[in-house]
Amino acid sequence: MAASLPLVFTAPKRGMPPRHLADLDSAERKEAVKELGLPAFRADQLARQYYARLEADPEKMTDLPASVREKVGESLFPTLLTPIKHLACDSGDTRKTLWKAHDGTLLESVLMRYPDRATLCISSQAGCGMACPFCATGQGGLDRNLSTAEIVDQVREAAAAMRDGDVAGGPGRLSNVVFMGMGEPLANYKRVVAAVRRITSPAPDGLGLSQRSVTVSTVGLAPAIRKLADEGLSVTLAVSLHTPDDELRDTLVPVNNRWSVSEVLQAARYYADKTGRRVSIEYAMIKNVNDQPWRADMLGKKLKKALGGLVHVNLIPLNPTPGSEWDASPKDVEREFVRRVIAQGVSCTVRDTRGQEIAAACGQLAAEN
């Protein structure tokens, strides 16, 4: 195994983009408009353009006087993300976008269309500091946090692409957002929570998605899980557990050296109790590493004890990453694992894997141009 990378919780303080409308809450928007010498009603007008009409170019905002569009653009609508390329697979139902930020930082998002929904997987950091050895993003290290607006703009762009029929299947609606792209969302806590509020608030304060259709994933930053539980949000929490025992998890998910399996599950229980939401447990099935029958039994028992009925296990067939020595578990091993977890009274299914051939699946995002 390659030498392990250090854990990085604090991102370098560099490269953050200029202020954007999506960084601001309602009061801050009004103040920003006032600074520009515009009447207060323009604040809601601009927000409706961005959040309801999904328009980020003031030159196309026809209800805005032509004389102020340039000033508004410079002050509140800097170009945050420029698409470098789109890659599609799964008959066009999966589209990965490589974005370039204002400072040249690269990041990725993945739009997945299903018969009954459209889900966007978004990044919260450029790179990741959690150093999980089976994940391409974690092996690349952390460049920087994304701003609230950089996170929100990934969602606005996908919502516009769905509305305009820019993806296979014709026009539709973006229904779900998962913070499962690049980065550890809870290590960029303040901006991620602000982004969740923008994504879920109704216009003119946000994009109007249901909180229940938003999932925030974490490798298990226990104090931040508890903090999120107290935010008054009802988003789904997904915990990347990957093994039920501390000995292996210390290697697979290095943050386990800081917060053990039991501490993470206690925090998850607190989240479930506070929100009434079932917690998702993510488990990448790695051949001969974490797929043994006894680990399935232990996982089921620990989850049943910690979370009762407020838990669901998503088994994820390991997605290949460059240079990795690990493989996905065989299907018969996968099936037996599911059977054993369910036998302990815990809900468990295998996730439908999308985007593997364009390196858009879980653990594959590396933002390579």
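Numbers run from 1 along the shown chain.
Glycine is no exception: its Cβ is also placed from the backbone N, Cα and C atoms.
Packing around GLU108 (active site, proton acceptor) is summarised by its Cβ count: 25 other Cβ atoms lie within 10 angstroms of its Cβ, all protein chains included. For GLU108, the entry in Swiss-Prot reads active site, proton acceptor, with the evidence type sequence analysis.
Under the heading domain 'Radical SAM core', Swiss-Prot lists 114-351.
Under the heading disulfide bond, Swiss-Prot lists CYS121-CYS362. Packing around CYS121 (disulfide bond) is summarised by its Cβ count: 28 other Cβ atoms lie within 10 angstroms of its Cβ, all protein chains included. In three-state terms derived from DSSP, CYS121 (disulfide bond) belongs to an extended strand segment.
The [4Fe-4S] cluster binding site annotation in Swiss-Prot covers CYS128, CYS132, CYS135 and rests on sequence analysis. If you draw a 10 Å sphere around the CB of CYS135 ([4Fe-4S] cluster binding site), it holds 27 other CB atoms from the protein chains shown.
LEU241 (S-adenosyl-L-methionine binding site) falls outside any helix or strand according to DSSP and counts as coil. According to Swiss-Prot, the feature S-adenosyl-L-methionine binding site maps to GLY183, GLU184, SER217, SER240, LEU241, HIS242, ASN319, an assignment based on sequence analysis.
Annotation comment: Swiss-Prot describes CYS362 as active site, S-methylcysteine intermediate.
Within 10 Å of the C-beta of SER217 (S-adenosyl-L-methionine binding site) there are 22 other C-beta atoms, taking all protein chains into account. For CYS128 ([4Fe-4S] cluster binding site), the Cβ neighbour count at a 10 Å cut-off comes to 27, with all displayed protein chains included. Considering only the residues assigned to S-adenosyl-L-methionine binding, GLY183, GLU184, SER217, SER240, LEU241, HIS242, ASN319, the longest pairwise Cα distance works out to 18 Å. All protein chains included, HIS242 (S-adenosyl-L-methionine binding site) registers 26 other Cβ atoms within 10 Å of its own Cβ. Long-range neighbours of GLU184 (S-adenosyl-L-methionine binding site) (same chain, six or more residues apart, CB within less than 8 Å of its CB): SER124, GLN125, CYS128, GLY129, MET130, THR218, VAL219, LEU221. Closest to SER240 (S-adenosyl-L-methionine binding site) by Cα-Cα distance, out of the recorded positions GLU108, CYS121, CYS135, is CYS135.
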